Every structure is written in C-alpha cells, then in structure tokens.
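Trainee: Annotation source Swiss-Prot lists Cu(2+) A binding site at H39, H58, H67, citing a curator's inference. Swiss-Prot lists H222, H226, H248 with the feature Cu(2+) B binding site, giving a curator's inference as the kind of evidence.
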Amino acid sequence: MVHVRKNHLTMTAEEKRRFVHAVLEIKRRGIYDRFVKLHIQINSTDYLDKETGKRLGHVNPGFLPWHRQYLLKFEQALQKVDPRVTLPYWDWTTDHGENSPLWSDTFMGGNGRPGDRRVMTGPFARRNGWKLNISVIPEGPEDPALNGNYTHDDRDYLVRDFGTLTPDLPTPQELEQTLDLTVYDCPPWNHTSGGTPPYESFRNHLEGYTKFAWEPRLGKLHGAAHVWTGGHMMYIGSPNDPVFFLNHCMIDRCWALWQARHPDVPHYLPTVPTQDVPDLNTPLGPWHTKTPADLLDHTRFYTYDQ
C-alpha cells in the first residue's frame, strides 16, 4: 500500500495524536535513539574512514537519496506501532513563526525557555518524559558537517532557540529559484558546488551550503529550518528533535517537486563511479540495500498530498 504524506496543517487532530503516539512508543522501545545514533555516525570521522572516505548523508550528492531511505526506515518503524501513520511535512515557505500549529502543546511543543533554552511544553519536553540519551555538540571552530568532529553533549533535555541565529525561514521565492535549477549536482560534489553561475547544483542549494549572488546569506532552505529552530536542530544529533523529520520530509518533497518539474534531466548525479561520493549505483550505508537509482521514484513507497 502506498501511503500519502501530508502537510501537518491539513492533518486532523486524530492523525496528529497517532503520529505523536507512534513517535513516543518507538522512543520508549529504544528504536528512536538508534535513528539519532545513526545520523551522528554517518557524519563522524570514524564512519567516513570505514566507508573509504565516501560521504553519504551530507555535503554531497547522496544527501537526498540517503535521507529518503533514512525517512523510509523511520516511517516503517512508526507503522509497526500504527500502520495508519505517515510522516508529515513542514512547509516552512508559508508556515512561519512560533505561533504556527506546528509548535502546539499537543504536537511538537514550543520554543525553549529563556536562559538554558530547555523546551518545557508538549510531548517532547523533558518533564513530560522525552529524555535525550545520545547527543553531541561540535568540537573545534570548523563546521563539523565538513570535518566530522563532535564531542559529547551532556544535556538530557531538548533545546530550541527560535529565530536567534537567523531571523528568517525560507521564502517561496527562494524555493522556486532553487527548483528552477536544471542540474542535480556538479563537481566538486561538496559544499562549494554550484556557488557561481550557472549555479549547477540543485542539491547544494537545497541543502543550504551555497546561494545565488543576490541572496543575503548562506544557510537557506534545509539549513535555514535547522538554524531557525536552533538548539539541538543545529547539530548532527538533530533527530533528537522530532521536528527534524518534518523538515526532512519537506526536503524530500522538494526533491520530488524538482523531479516532476524536470522530467528529462538526470535526477541524480554522478551516474558513474566518482571518488569520495556515492554514484547512481552505490549501495547506501549503513544498510547497503538500496542505491540512489532504487530511490529515485518515491511513488513506489509513498506520495505527497500536493
């Protein structure tokens, strides 16, 4: 059966209740923390060494197919609790601000309190039972997404800090300009790809490591949602905040929209073996069960409501 992923704004109260219940249940069973640990591991220096240096989940062409498989695995875990549950998405181009229903006390909970920025409301507050068991913070001044260096974070509570590090969530114009790009990715297949005309890296613009010359700052789209939310969403342990999955569901939807807009171009690059990055036929670790080619058609697994 192919499920439909919805904008959280169109979900019924019962659908939201079921989703939250399933998330809490896989957390109780220890399954949720495995997803947090995996997301940390795939960007660590240790994992990069084991995988012969190939980056799989971030800052490379594999960003989109790797997270597509990751979300599928997470969604399947939820569906073992409740087969009716599907992942919702957060369309941050129109759904702005901390007064959004996204942050209600019965769904994601709200912003962190002043001072330590601890989340105090909703099902994912520490005082309501949501304990962080695996968390890291950056080590050293360089962007850890580039060097893979992290150290232990001993806070066992979820932290958010809305709008402090960037005041703005993505705009419809930002997304449209990125969706208009016709090349999936380009050499050198990293955080610098597509940063100059003709801007040939849809992946890197969507991931947020590059920008158009007329845009004011780096960190747009995917990156902006992480940075605007702040707190634990800033680090590679970001799945500790369940809103991570709504953000990445939106990113996956953007890839699907881009594919539909450009049916006649390669939907993944590189197509041939390439040093340091996964090509079209590289089995994606740690599962090694699917390649980017296997994941191009999302309608085999689910559809989006729009």
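Sequential numbering from 1, following the chain as shown.
Quick reminder: no glycine exception, Cβ is built from N, Cα and C everywhere.
Buried or exposed, and what's around them? Tell me for each listed feature.
Mentor: Long-range Cβ contacts of H67 (Cu(2+) A binding site) within its own chain (separation 6+, distance under 8 Å): G57, H248, I251, D252. According to DSSP, H67 (Cu(2+) A binding site) sits within a helical segment.
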Trainee: Whole-number Å only: compute the distance from the Cα of H39 (Cu(2+) A binding site) to the Cα of H222 (Cu(2+) B binding site).
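Mentor: H222 (Cu(2+) B binding site) has its Cα 16 Å from the Cα of H39 (Cu(2+) A binding site).
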Trainee: About how far apart, in whole Å, are the alpha carbons (Cα) of H226 (Cu(2+) B binding site) and H58 (Cu(2+) A binding site)?
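Mentor: One finds 14 Å between the Cα atoms of these residues.
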Trainee: Please give me the CB contact count at 10 A for H222 (Cu(2+) B binding site), counting all chains in the structure.
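Mentor: Excluding its own Cβ, the number within 10 Å is 24.
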Trainee: Which site among H39, H58, H248 has the most other CB atoms no more than 10 Å from its CB, taking these as binding-site residues?
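Mentor: When each Cβ's neighbours within 10 Å are tallied, H248 tops the list.
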Trainee: Hey, how far is H222 (Cu(2+) B binding site) from H58 (Cu(2+) A binding site), Cα to Cα, in Å?
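Mentor: Counting only the Cα atoms, the answer is 11 Å.
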Trainee: Could you name the residues, excluding H222, H226, H248, of the same chain that surround the Cu(2+) B site, i.e. Cβ within 8 Å of the Cβ centre of those residues, in sequence order?
Mentor: E207, G208, L221, G223, A225, S238, F244, N247, M250, I251
Trainee: Just to be sure I understand the packing, how many Cβ atoms besides its own are within 10 Å of the Cβ of H226 (Cu(2+) B binding site)?
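Mentor: Total other Cβ atoms inside 10 Å, all chains included: 24.
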